[in-house]
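Feature annotation from TrEMBL assigns active site, nucleophile to Cys111. Annotation comment: TrEMBL describes Cys39, Cys42, Cys88, Cys91 as Zn(2+) binding site. Sequence annotations record features per position, and here TrEMBL assigns domain 'MsrB' to 1-122.
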Amino acid sequence: MKSKSELTPLQVEICLNRGTERPFTGKLLGQTHQGIYRCVVCHEALFQSETKFESGCGWPSFFEAISKSAVRYLEDHSHGMHRVEIRCGHCDSHLGHVFNDGPTPTGLRYCVNSVSMCFEDQETGEMIEG
Ligand SMILES: [Zn+2]
């Protein structure tokens, strides 16, 4: 688990202050390798590469979390919208939002800041921060 002083300014802005990275800027957006997407703060597993899809929205998108407890869901009424915020189920770090316009089988689109995650490449074992 990283302490606040170990996070980059951008990670603090996104993960702790519930910010949003600029679309189409995330390092993990185009990542297509097999592996596991983890929380950048506590490294708990969040999503599997098999559930990642190209949504065109500019942020890494998944149709399913890796487990029921991996992600926490909160009503978000900020910016005059009704959305569902998603946070790491383990450390409460902000991840993004989940929408009901995703593909089958779930119909969900977990829209996640790349900065909120690190990717563990199954083949190389390399850990890439988003
Ligand atoms: Zn976490």
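For all residues, glycine too, the Cβ spot is worked out from N, Cα and C.
All TrEMBL annotations are machine predictions without curation.
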Response to the item:
the residue listed as 'active site, nucleophile' has its Cβ surrounded, within 10 angstroms, by a count of other Cβ atoms equal to 23
Discussion item. Take the mean position of the Cβ atoms of Cys39, Cys42, Cys88, Cys91, the recorded Zn(2+) site. Which other residues of that chain put their Cβ within 8 Å of it?
Written reply: Met1, Val40, Val41, His43, Glu44, Gly89, His90, Asp92, Ser93
Worksheet entry | Those recorded positions in Cys39, Cys42, Cys88, Cys91, Cys111 whose CB falls under 6 A of ligand 1, listed in sequence order | Cys39, Cys42, Cys88, Cys91
Worksheet item: Just the number: how many Å between the Cα atoms of Cys111 (active site, nucleophile) and Cys88 (Zn(2+) binding site)?
Response: 13
Worksheet item: For Cys42 (Zn(2+) binding site), which residues of its chain lie six or more apart in sequence with Cβ-Cβ distance below 8 Å?
Response: Met1, Lys2, Cys88, His90, Cys91, Ser93
